[in-house]
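Participant: Have a look at this one.
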């Protein structure tokens, strides 16, 4: 008499041993179901988003070195920054972006922030007087590193949820700028430097995110401008040597890293099966 | 039997170990249970039929799991195993570090090992990856593995890279006499739907919260009784207030396992909205109480009950609402005869059957010859580039520790326990033994063990 075929059931007693392995074993196993295929150029162009933020940080560091080491007048940088901010604001305003706040309200809050900064500058100047410079460099390095990690690189509207609030990275950068500013000698330089940092870390990311959603070509042009400025800054800080190291690092981030990521995709082994917790489908009300 | 999970704390694994052990004793085996101390419950206790429980004092880390200290359990484990003349060590549940340690050390001592896995794990989140690595470590050198469902077997085989032939599927069971139906308790004017589940997101508490108002809206004569507590309890309460269902949705909070049957018999339909489940003993209990079961089709659930007792749905709000309405219609039109469920379930799941099948596994394990140490090390080495070396190191240290312990506490110096007499079920003797173990409990661990041999 032929045995009845084995069935994947527990409530029937079947004439098979308990450790019987049927040919249907693991038939519901699915592999790499949700794996995305990457293309090199898409990854490469996406990496410019990260690169442009790294450029921002690098420019900021260059500016600090210029003010701290070579006694450049910080007011120059603040003026250039403010000018660019105004240009950016009017471009943003003029190109039909729907504003929730009126221009007067924006101007009001800008004046408020600038005055607060002016009032706080003497306090901030003496903030880290009792700390050695080495500690400040180390601290600001870590803060900037965290800033680059936690920065909100998402494309499009702010509503797309990112796991970290965008304010976190801004706060980290402003904190780094504050401790660096406290190394400067005059109240005016502290004020100018902080104003510059707020423009660079508070307002510029909003502008660049908008520009990216507006036109990717414009974003590439902006990134190229930032690249040139940074290269000049690097040459100014450390000569040919710094310029070379910096360029190699950036080029490998844009071209080598995406290739590496694609090469690593062959090791991808996602396993899905009936044991995975199901995702409940709820009607939103 | 070794596991972190045993009475007095309630739970499925706990009752599984207890029921299995008592049935194995009935089959003529000598069984002891080793678990960690629960509060003041330290030392040796006796349960019914001379089932001896060692409560070993260990620090509890998370959700009743002990701190994974790898080696610190070895001295006392060796002492207990030699004292009780143990041949097979059977660990339960992959989250129990006590179980993993016991399996590792008993393999070092050359004993046979069996492991039972009661739950399912994914492969993606960091917790599972770590857990799976540990499981691979322990199961590299296991005699045999028992899983509670076929889905669970597939999962465990993948997680620990096992040969599927060394994995047996032995389901959980219920004590049918504890889950007798009682149609007189159920209301005749209302259809009552029972839910007994811990209210966690992975148990589908969100689905439940979404489904209840839908059904109450469509069906004016449906009532819900929900037992269980958890982080999503507050959502249920909010839903009840928002839709003004205080009269129709009863929240009991957490209930004891003994009371499950009394709650179940009040209902007609059992609703199980879970998102993951290895076996689902509660489904069998509900069917045994004569309830029609509505459940999501996830994990090992499709294997558990025949189709005339269950209505399957996909884990979505609409599907679960549809299935529940269908169940209500079946009950109202009396198209399904739930009164026969109890007898049918009785024939499907019984602890005696489980014990007999577990005995078969023990027979298989007892026939396996111990391989040389170097082969054992080779198995561990294959676990991974870094993990393999780490595991081999652990095992080598374990061997050295064994040698040291053999020198420190020679085997000849350890008293052997007199076994509990077969079938002496005399009420007075049992009471006396219980008294004695109460006394021992107050002494410290070693003297408690030393005083053991004259208890029986």
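Note: Cβ is positioned from N, Cα and C throughout, glycine not excepted.
Copying in the features that TrEMBL gives for the protein in this structure:
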TRANSMEM  A:49-68  transmembrane segment
TRANSMEM  A:75-92  transmembrane segment
TRANSMEM  A:104-124  transmembrane segment
TRANSMEM  A:136-153  transmembrane segment
TRANSMEM  A:173-204  transmembrane segment
TRANSMEM  A:216-237  transmembrane segment
TRANSMEM  A:243-264  transmembrane segment
Participant: Is it true that the transmembrane segment (A:136-153) and the transmembrane segment (A:216-237) have 3 or more CB pairs under 8 Å, sequence gap of 6 or more?
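Facilitator: When sequence-distant Cβ pairs are counted, the transmembrane segment (A:216-237) does not touch the transmembrane segment (A:136-153), since fewer than 3 lie under 8 Å.
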Participant: Within the same chain, where does the transmembrane segment (A:173-204) have neighbours whose Cβ lies under 8 angstroms from its own Cβ atoms, ignoring anything closer than 6 residues to its ends? I mean 6 or more beyond.
Facilitator: 56-57, 59-60, 63-64, 67-68, 74-75, 77-78, 81-82, 84-85, 88, 113-114, 117-118, 121-122, 124-129, 133, 136, 139-140, 143-144, 147
Participant: When you scan the chain for residues with a C-beta under 8 Å from the transmembrane segment (A:49-68), skipping those not six or more beyond its ends, what do you find?
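Facilitator: Sequence-distant neighbours of the transmembrane segment (A:49-68): 74, 77, 144, 147-148, 151, 153, 155, 173, 177, 180, 183-184, 189, 193, 196-197, 200-201, 204-205, 208, 212, 219, 222-223, 226-227, 229-230, 233-234, 236-237, 246, 250, 253-254.
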